[in-house]
Structures are given as C-alpha cells and as structure tokens.
C-alpha cells in the first residue's frame with residue numbers, strides 16, 4: 001500500500017469513528033424516555049408496585065440516558081452548578097432490573113444525572129445512582145421488606161488548595177437491613193411538644209406499605225452527592241426494565257463511556273453491584 005492510499009484509509013477510518021460518535025451521542029435534553037409499559041410478568045408487576053420515589057435534594061434532576069434508537073446522552077460539563085439541568089423537558093426515567101440473588105429478591109432502580117456534584121458544586125460530567133430493594137418474594141401479595149442498599153460514590157473528593165473537600169467512601173453501597181419508617185412515602189414526623197431549648201417530642205405517622213422514597217443529595221458531609229433516605233415525598237418517573245429496552249438501547253448502554261461513573265444494571269455490572277449491595 002502506497003503512502004497516499006494509507007493516508008486515505010486512515011482518514012476514512014477516523015471519519016467513520018467520528019461519525020458513529022456523533023450519531024450515537026445527542027444533547028442531554030433531547031433524549032426521549034421510554035413510556036412505562038404495562039407490566040406482564042411477576043417481576044415486572046413487582047417492580048412497578050414497589051417503584052420508589054426520588055426526591056432531588058441537591059444537584060440536577062434525573063434525565064433519561066438512552067432512547068429507543070440507541071442514542072446516548074452527552075451529559076453536561078461539570079460547571080455552572082445546576083444550569084441546564086433543573087428540568088428534564090421530555091420527562092425523566094427510572095431504570096429497573098430484578099432477579100433472585102442467593103435466596104432474596106433484588107430490585108435495582110437506577111437514575112441518570114447529566115452532571116456530578118462534589119462539595120456543593122458541579123464537578124464532573126455524568127452521574128449514575130441507584131438503590132437496591134430486597135424483598136422475600138415478588139409473587140407475594142404482601143411482601144416483607146428485608147433491606148435497602150443505597151449507592152454511594154467512591155471517588156476521591158475534590159480539593160480546595162491541598163485540602164480534600166470531604167472523605168472518600170470505602171464501599172459503593174450503604175447497606176441496611178433496618179428500613180426507617182420515614183423512608184416510606186407519606187410518612188410524617190409531627191412535633192407534639194417542647195421539652196427543652198433545643199429538644200422536642202414527636203409522633204410519627206406511618207406512610208405507604210409499598211413505596212419507599214429516596215433523595216439524591218449530600219449525605220450530611222462534604223463530599224460527592226449520593227443516595228440517601230428522604231424525609232419528604234419525591235416524584236415518580238416512568239419505569240423501564242432492562243429486558244423492556246430495545247436491543248439498540250441495551251447495546252448502547254453496555255458500550256457507552258460515562259467517564260468516572262458506570263451504568264449499574266448492565267450485564268457486565270449488575271451481578272457485581274448486587275454482591276456489593278448484599279446487606280445480609
């Protein structure tokens with residue numbers, strides 16, 4: 001092959017790769033979410049019945065990450081705080097996947113955010129967060145909630161001068177077998193009296209027996225934004241299960257590069273994450 005032919009071939013290959021990237025990545029606010037299908041199987045019905053609410057305590061609202069054609073969100077540069085991500089104009093999405101894991105039924109719910117946040121400011125492009133809800137049997141009319149595992153980022157905190165703004169999480173999940181009453185939608189804490197200058201008495205009103213509520217917010221310390229239990233109700237998004245996605249959407253999520261964060265429910269990540277989320 002002469003030099004000219006080699007250069008032409010290289011240019012064609014580079015153009016092909018560049019064209020594929022452009023075709024498969026679109027603006028974060030142009031990704032159309034999947035409508036929630038009517039559940040058919042036992043696992044789909046359970047996933048819809050126990051779909052949690054998401055409250056946005058800090059950072060961006062959740063956005064869809066992929067459309068039916070397999071086009072992936074390009075996210076947003078980690079600057080300018082919540083600019084361009086306070087509302088998902090086409091609607092949001094929660095992604096689900098469930099399975100038996102050892103002798104428990106695991107339901108993973110995942111959300112995508114176009115910016116990541118650390119130390120109360122935008123600090124990166126892309127963020128995936130998820131929770132795993134553990135129950136005894138998806139076919140039961142009234143299930144027993146066995147635990148909940150909330151994802152947390154294990155990245156090194158950003159630094160101000162030479163000081164890290166927070167501490168690094170050692171584990172990718174906060175795993176809990178005891179689920180607080182206030183973690184359920186509709187639950188209330190009502191102040192009933194005052195017993196000191198800063199002390200009060202409360203009564204608690206139970207909420208839903210099917211729907212939990214989680215918050216995407218800072219967990220009370222400096223560091224990266226994470227999943228926490230919410231004390232107030234959030235919103236529900238259309239749920240799409242892994243096996244309900246189009247083939248193109250699944251393939252795109254499997255191969256997409258989301259930088260420092262990963263799609264938690266893909267074939268290459270799902271089992272590993274369930275192992276890390278195991279609270280028993």
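Glycine is no exception: its Cβ is also placed from the backbone N, Cα and C atoms.
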*Stretch carrying motif 'Hepta-peptide GHRHDWE motif' according to Swiss-Prot (options 123-129, 130-136, 137-143)*: 123-129
*asked:* Just to verify: the residue among 142, 209 with the fewest other Cβ atoms within 10 Å, which of the glycosylation sites is it?
replied: 142
*Under DSSP, is residue 142 (N-linked glycosylation site) helix, strand or coil?*
coil
*Using DSSP, how many residues in the motif 'Hepta-peptide GHRHDWE motif' (123-129) fall into helix, strand and coil?*
0 helix, 7 strand, 0 coil
*Could you give the Cα-Cα distance between residue 142 (N-linked glycosylation site) and residue 209 (N-linked glycosylation site), in whole Å?*
9
